[in-house]
Amino acid sequence: MEGTPAANWSIELDLGSGVPPGAEGNLTAGPPRRNEALARVEVAVLCLILFLALSGNACVLLALRTTRHKHSRLFFFMKHLSIADLVVAVFQVLPQLLWDITFRFYGPDLLCRLVKYLQVVGMFASTYLLLLMSLDRCLAICQPLRSLRRRTDRLAVLATWLGCLVASVPQVHIFSLREVADGVFDCWAVFIQPWGPKAYVTWITLAVYIVPVIVLAACYGLISFKIWQNLRLKTAAAAAAAEGSDAAGGAGRAALARVSSVKLISKAKIRTVKMTFIIVLAFIVCWTPFFFVQMWSVWDVNAPKEASAFIIAMLLASLNSCCNPWIYMLFTGHLFHELVQRFLCCSARYLKGSRPGETSISKKSNSSTFVLSRRSSSQRSCSQPSSA
């Protein structure tokens with residue numbers, strides 16, 4: 001049974017406007033025409049986003065592999081979030097770029113369904129791995145002993161990936177290679193019922209954006225309260241320890257030292273919380289316009305159909321995949337410092353090993369110079385008595 005055609009949008013949810021990015025027209029009148037100037041700008045921006053996403057996340061994975069603290073829980077979540085961002089770059093940004101260049105999907109039906117499926121897998125994975133990282137930081141602040149005792153991070157990450165793979169299955173049934181005009185085929189979304197686009201876009205918006213943002217807001221609200229409560233208690237404890245040091249001497253100084261050490265540990269945790277909070281903030285800023293435009297386009301029949309608004313929202317959403325590496329660099333700069341040091345060390349070792357002839361010649365020249373200097377000094381020492 002043929003359903004209602006929606007649209008062949010370049011990324012996973014672009015079902016509502018009726019036109020692909022950079023195109024104008026409607027579905028019933030045949031294939032749309034493209035705004036070439038707008039498409040060229042989009043291709044240039046997507047090339048930059050793809051390069052930054054691939055290079056940035058690859059550097060993060062390489063830095064995490066070479067660091068001495070690779071078994072840290074935070075680094076474990078960072079690794080999988082970088083993998084999810086790479087999935088977004090390869091299976092969302094890259095197909096979008098190719099689709100903008102060719103304007104049509106040139107490939108078999110299986111490839112069409114696979115690409116659309118992996119697009120949503122990356123989006124689900126990046127969202128829920130970020131949510132998992134935030135929950136881990138919440139446990140580390142609110143219940144530190146429990147978070148150390150129950151090391152279920154690997155199981156949680158595995159369950160998250162499996163859940164994302166399952167939740168993305170509808171894409172395989174919605175998208176297929178369809179004839180959109182006489183002799184013109186494209187990777188197209190088809191719904192059995194007219195209300196299908198509304199239901200599907202609303203479900204994706206709830207699952208990927210609204211529900212995670214609510215949970216993230218609750219997590220960081222609780223984290224903020226616990227940090228404020230902790231700092232308040234430490235301020236009171238520090239004041240009491242300072243008074244005790246005046247009265248009890250050494251015992252008071254020991255108590256003050258204990259308070260100072262606890263404050264250092266708390267600052268380390270707060271720093272990781274700040275990092276995850278900035279990542280969450282970047283996620284909200286990048287994805288809010290996209291989901292707003294999507295919901296507006298499917299629920300309001302009078303919504304504007306211009307492609308420029310959808311392209312800006314899509315580009316901003318794609319930008320999220322290359323933001324996270326810079327945030328990691330800002331808060332964990334030692335990772336990249338170690339990576340640069342290892343790179344320079346390996347480069348110097350390679351250059352030193354690739355020029356053995358120059359090395360041996362320099363060694364010989366140094367040794368001959370040393371012998372000549374020894375001989376000249378001995379000659380001077382032997383000639384001194386005779387001159388005297």
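Heads up, the Cβ atoms here are built off N, Cα and C, so glycines get one too.
Relative to the membrane, Swiss-Prot puts Arg104 on the same side as Leu177. Of the cysteines listed (Cys47, Cys187, Cys219, Cys286), Swiss-Prot assigns Cys187 as the disulfide partner of Cys112. When DSSP labels each residue, the topological domain 'Extracellular' (176-202) comes out as 7 helix, 14 strand, 6 coil, counted as helix, strand and coil in that order. When secondary structure is read from DSSP and collapsed to three states, Cys112 (disulfide bond) falls in the helix class.
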